[in-house]
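Q: Quick paste from TrEMBL:
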- A:K207: active site, proton donor (ACT_SITE)
- A:A10, A:G11, A:L12, A:G13, A:T14, A:V15, A:G16, A:A17: NADP(+) binding site (BINDING)
- A:K107: NADPH binding site (BINDING)
- A:E192: L-homoserine binding site (BINDING)
- A:351-436: domain 'ACT' (DOMAIN)
Number of protein chains: 2
Amino acid sequence: MVSSLRLGVAGLGTVGASLVRLVDRHGAELSARSGRTVEIVAVSARDRSRDRGVDVSRFAWFDDPIALAQSADIDVFVELIGGAEGAANAAVRAALEAGKHVVTANKALLAHHGAELAALAESRGVSLNFEAAAAGGIPIIKVLRESLAGNAVTRIYGILNGTCNYILTRMEREGLSFDACLADAQRLGYAEADPTFDVDGFDTAHKLSILTAIAFGTEIDAGAIYVEGIRSITTADIEAADELGYRIKLLGVATRSESGIEQRVHPTMLPKSSPIARVDGVTNAVAVEADFVGRLVLAGPGAGGDATASSVVSDIADIARGDVVGTFGRPASAMRPYQRATIQSHAGGYYLRLAVFDRPGALAAITTRMAEQGISLESIVQRRRAPKADAPDHPQPLEPQPVILITYDTTEAQVKAALERISTDGHIAEHPQMIRIEQLA
Amino acid sequence: MVSSLRLGVAGLGTVGASLVRLVDRHGAELSARSGRTVEIVAVSARDRSRDRGVDVSRFAWFDDPIALAQSADIDVFVELIGGAEGAANAAVRAALEAGKHVVTANKALLAHHGAELAALAESRGVSLNFEAAAAGGIPIIKVLRESLAGNAVTRIYGILNGTCNYILTRMEREGLSFDACLADAQRLGYAEADPTFDVDGFDTAHKLSILTAIAFGTEIDAGAIYVEGIRSITTADIEAADELGYRIKLLGVATRSESGIEQRVHPTMLPKSSPIARVDGVTNAVAVEADFVGRLVLAGPGAGGDATASSVVSDIADIARGDVVGTFGRPASAMRPYQRATIQSHAGGYYLRLAVFDRPGALAAITTRMAEQGISLESIVQRRRAPKADAPDHPQPLEPQPVILITYDTTEAQVKAALERISTDGHIAEHPQMIRIEQLA
């Protein structure tokens, strides 16, 4: 008879409480599947007396997560504290050093310290599992680490932040501004009081860095990601995208190019026929393109206590079966150095929205500047704004008019150079809007 | 140093040739990931001299797959022969009895003999892996067996046959008949000369039976599936579906109901907002609904040599790492008996297309028959057919007119009873068309 697998859970927030409920409901089945009894034996959190909707009094209590991590009474340390530094970091290291398996949902910790922690886990012969860290309930880590073992990945891209996707979906469906949708998301609990981490793309960047490391076998480098959030997106952009056959999503994209691995997080124009263009609301989705499998798409809940607990338990079940996988799908020593492809060398199509002063020759000057940079245009849309009620029938010559350009494939450097010259020429007001287009493979 | 993992491959068709190419291209990386050298050492096929586009002369040759299965020189028997009986069946049994791990892409074999083979594998302590058997390159087996270990599945449904999805997509996009699209699919190699296995739903049923066994932990029972193919679907149905906000897909559906597990394969009306309604062409997709994760959707290539080889290698990599998972996600002894819910007790909405004789009282009689069975109607669409060029301005009273009914949730038994009475009343010509609606959870 194999001894039971004893779990110590640090952090009893939403995910921790869901994990306790899940093990209560499915523990027997989980044990039958794994061939080994799986049980929570100890927990740690800040406030022992808080009502969490589940009974945790039956578990040994630790005020100090590090003491729990080192306890001789546990086999697996489940870290649900969060944060790249502080208690989570110290406790995970302590657990690995003590030869405990670690399961974590902590994307920030992995993005910043993943390489070191992987080497530490490997040196102790234990697992460091983190299915919940990249896309909540979507099993993308297992698919990349295991299912795609026989593939070279060429591109991975996804909607990895439910807050941003909720906001963009509302803006599109209801024609509301970013600010109005953000306020609603905050009211509904889909966005934090300080939404920076989500709406400015950092959460997506953390998740992307983890996916990149596994997909391409390169050392994790969260600092090498080009990051741009969704605050600049207007309803004008969303409407123009719709008319041109696109939808706007905040994507994390990693792709192999000649100069290295390109990692970027930014609002993206996706053709409506793209397999993830219609993923709406808080749902997340990841598409992987690889040489043998072609294209796989996974969609599901990117957050939430129950969905996250489902992924945490998947990691625990792997440990119960005795399956030790390299943290990023391969031995830490086999991870290649990350070679960054700069955003300047990014090649692709671009959507540009310019506020052009309506005077003779302006459009000619703009298109000439594009041509000088070797940029070909797929479409130009110029529409006069409807005159305001108290304005004359025709807008004043100097009132800027929106002009939308879609380029064929070019590079970031060329687009930036063209826009700089167009700005200098004085034909446009405001900062031009530029959204990268992510085409189907 | 761990000894290398030696593969014997039986069957060198499209998938076998892709597998050889994959191991040539990614063998070193695969070995690095698995911590163990993975190599093909022996092969078996009918014709040794056939040009397969890959060099197989470097491998030991076996004319007899059973001899290969029993060879002391292999650790894993990879069965790519196909068919529920005959050589594939005998060789897989021989391999398991000889204590070899088995990897197979053979859905028919598993659908018909899965339970026995699982018990045999378990008794020998070896793996029986079959990622490629249910949805080609989509890693649905791993997701069900491992990622969802902490969930109770409530429903699983999917587009599991690329031939049918290709035909339905062409019918919809081009307004062509089933026969015309089938002929095209045959010309393009998407359908066999005898298309029965695909278009009549049997291929989907085999795959569904495998998914059901894992999802619900019940003994596999391919004979208990209600199966209906797509031959009866007309462009009139597809157009009506579109107008009513649906798309028609051939689905395999398994769901837990009060009376047991319901398994059915039939053309299905999916709301356009369903996550798999827009999966077109030969692409496959599976949606799983479960208590903790909510809903996951996986989409990708359901067939093709390279995509199938990708899944075969995923199974091999698991064996190389030493991960032994219960064949259907749990020990064979823990599989519950399959309790069949009959199609008569199926509850849901229905689309009905009737050819109604255009005479006073016909519609009243029909709706009365529906009401007698307690069936409420969500919508009724009656449109006169455009008169033929050589016909009078109004159709003859007895020329039947199409009437489309959408019911609210009811049962198969009630719908069948109502249709029988409507037929007996003599108000309709032809056999009524009936398509089940699969609503979102």
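Glycine is treated like the rest: Cβ placed from N, Cα and C.
Those TrEMBL annotations? Automatic predictions, nothing curated.
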Q: According to DSSP, does A:G13 (NADP(+) binding site) fall in a helix, a strand, or coil?
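A: Reduced to three states, the DSSP call for A:G13 (NADP(+) binding site) is coil.
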Q: Which residues of the same chain, at least 6 positions away in sequence, have a Cβ lying under 8 Å from the Cβ of the residue listed as 'active site, proton donor'?
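A: Result: A:K107, A:A111, A:A133, A:A134, A:A135, A:L160, A:N161, A:G252.
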Q: Cβ within 8 Å of the NADP(+) site's Cβ centroid: which residues qualify beyond A:A10, A:G11, A:L12, A:G13, A:T14, A:V15, A:G16, A:A17?
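A: Other same-chain residues near the NADP(+) site: A:V9, A:S18, A:L19, A:A45, A:R52, A:L80, A:G305.
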Q: Using a 10 Å radius around its CB, how many other CB atoms surround A:G13 (NADP(+) binding site)?
A: 15
Q: Within 10 Å of each Cβ, count the other Cβ atoms and name the one among the binding-site residues A:A10, A:L12 with the highest count.
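A: Result of the Cβ crowding comparison: A:A10.
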Q: Under a three-state reduction of DSSP output, how is A:K107 (NADPH binding site) classified: helix, strand, or coil?
A: helix
Q: Taking only same-chain residues 6+ apart in sequence, whose CB is under 8 Å from that of A:A17 (NADP(+) binding site), what do you get?
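A: In sequence order, A:R52, A:G53, A:V54, A:G305 meet the Cβ cut-off.
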Q: Roughly how many angstrom lie between the C-alpha atoms of A:G13 (NADP(+) binding site) and the residue listed as 'L-homoserine binding site'?
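A: Pair distance, Cα basis, whole Å: 15 Å.
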Q: Could you round the CA separation between A:A10 (NADP(+) binding site) and A:E192 (L-homoserine binding site) to a whole angstrom and send it over?
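A: Given the Cα positions, A:A10 (NADP(+) binding site) is 23 Å from A:E192 (L-homoserine binding site).
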Q: In whole Å, note down how far the CA of A:E192 (L-homoserine binding site) lies from the CA of A:T14 (NADP(+) binding site).
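A: Cα-Cα, rounded: 15 Å.
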Q: I'd like to confirm something. Which of the binding-site residues, A:G11, A:L12, A:V15, A:G16, has a Cα closest to the Cα of A:E192 (L-homoserine binding site)?
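A: If we rank A:G11, A:L12, A:V15, A:G16 by Cα distance to A:E192 (L-homoserine binding site), first place goes to A:V15.
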Q: Using DSSP and three states only, what is A:E192 (L-homoserine binding site)?
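A: Assignment for A:E192 (L-homoserine binding site) reads coil.
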Q: For A:K207 (active site, proton donor), what is the secondary structure by DSSP, using just helix, strand and coil?
A: helix
Q: Let me check the 10 A CB neighbour count of A:G16 (NADP(+) binding site). How many other CB atoms are there?
A: 27
